[in-house]
């Protein structure tokens with residue numbers, strides 16, 4: 001919940017004003033609710049009225065909803081969406097890496113695109129990662145670096161309290177910029193693709209709902225505090241990646257920490273995406289040697305894809321807004337509410353049916369509007 005994309009929240013407040021604070025809270029509540037209904041779709045009642053876990057993954061839920069049309073149609077759609085979200089995350093890490101290198105060494109006459117290529121070279125070993133053991137160790141280091149970054153940024157902001165002014169917040173906002181902010185905020189909360197596996201591996205799954213409530217509450221408080229303190233410190237000068245606002249010596253140090261975090265974060269979504277693609281394509285049809293060669297080809301292709309996308313769309317906030325509008329809305333709002341209505345319609349109360357329908361419509365409208373505005377913003381940058 002407190003990933004690197006939290007660094008884009010102050011920029012989201014710049015374009016959404018007071019409504020951005022409300023959106024951070026609302027997104028937390030809605031994501032918590034859709035997480036709960038998604039997990040409820042894993043269970044069915046037996047003859048004695050007891051809930052039994054009959055499904056294990058997001059893909060299983062999708063297949064159950066689409067079994068009358070095709071036994072695998074729903075799973076294919078979910079897998080494609082998951083891969084899109086994971087790859088979009090990888091692209092964002094690549095964009096951030098190039099951006100951070102450029103701002104850390106401004107006197108070096110090298111473009112952001114060239115810095116992205118340098119980051120790409122450092123990530124080449126990801127092609128040879130075969131197990132999650134290595135990825136998990138990198139993720140532990142990533143969490144430590146992230147804690148240091150957030151602590152330093154908030155400490156600096158608190159030293160500037162005398163400059164804070166609530167007049168920096170706006171009541172009005174540009175509608176298109178606001179919709180991009182919606183995508184940024186949603187993307188910072190997305191976790192639904194991991195929840196079925198997480199719940200299935202809990203020592204006491206009965207505590208899942210309580211865990212989800214607490215984590216979303218703390219995430220909401222921390223996101224709000226971080227975004228608010230950073231925006232009040234810099235106001236209209238707030239940049240896409242908030243560490244770019246720090247004074248020069250501290251900025252370089254934090255950018256290097258962020259660079260380490262981005263590079264350490266990259267292997268997890270990259271590994272997950274390539275594993276899904278490989279499992280869908282191979283289906284055990286290759287020998288051991290050809291299977292390894294094929295897997296290297298898949299990983300190499302995906303690594304190259306993230307580099308090309310980072311080079312052609314080197315804008316962190318616009319890309320994150322697009323990702324949140326496309327895959328974030330689908331996996332977080334649209335699909336959980338749709339699956340819940342499909343599988344539990346007869347057992348849902350009138351209020352819960354209305355809640356699911358409302359979330360589906362809201363997610364659909366935000367997704368369409370966010371996609372249009374993000375693409376328009378990207379095209380304007382190209383022009």
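Any Cβ shown, glycine's included, is placed from N, Cα and C.
TrEMBL annotations:
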{"type": "DOMAIN", "residues": "1-375", "note": "domain 'Amino acid transporter transmembrane'"}
{"type": "TRANSMEM", "residues": "114-132", "note": "transmembrane segment"}
{"type": "TRANSMEM", "residues": "144-166", "note": "transmembrane segment"}
{"type": "TRANSMEM", "residues": "178-198", "note": "transmembrane segment"}
{"type": "TRANSMEM", "residues": "210-232", "note": "transmembrane segment"}
{"type": "TRANSMEM", "residues": "252-281", "note": "transmembrane segment"}
{"type": "TRANSMEM", "residues": "293-312", "note": "transmembrane segment"}
{"type": "TRANSMEM", "residues": "318-336", "note": "transmembrane segment"}
{"type": "TRANSMEM", "residues": "357-379", "note": "transmembrane segment"}
#### Entry: Sequence-remote partners of the transmembrane segment (144-166) [C-beta within less than 8 Å, at least six residues beyond its ends]
2-4, 6, 222, 225-226, 229-230, 232-233, 235, 242-243, 246, 250, 254, 257-258, 260-261, 264
### Message
Counting only residues 6 or more past its boundaries, what in the same chain has a CB within less than 8 Å of a CB in the transmembrane segment (114-132)?
### Response
94-95, 97-99, 101-102, 259, 262-263, 266-267, 270-271, 296, 299-300, 303, 306-307, 310-311, 314
### Query
Are there residues at least 6 beyond the ends of the transmembrane segment (252-281) whose Cβ is under 8 Å from a Cβ of it, and what are they?
3-4, 7, 76, 79, 82-83, 86-87, 89-90, 93-94, 96-97, 100-101, 103-104, 119, 122-123, 126, 129, 132, 134-135, 138-139, 141-142, 145-146, 148-149, 152-153, 241, 243-244, 246, 294-295, 298-299, 302-303, 306
### Message
Would you say the transmembrane segment (357-379) and the transmembrane segment (178-198) are touching, if the rule is that at least three C-beta pairs must lie under 8 angstroms and be 6 or more residues apart?
### Response
yes
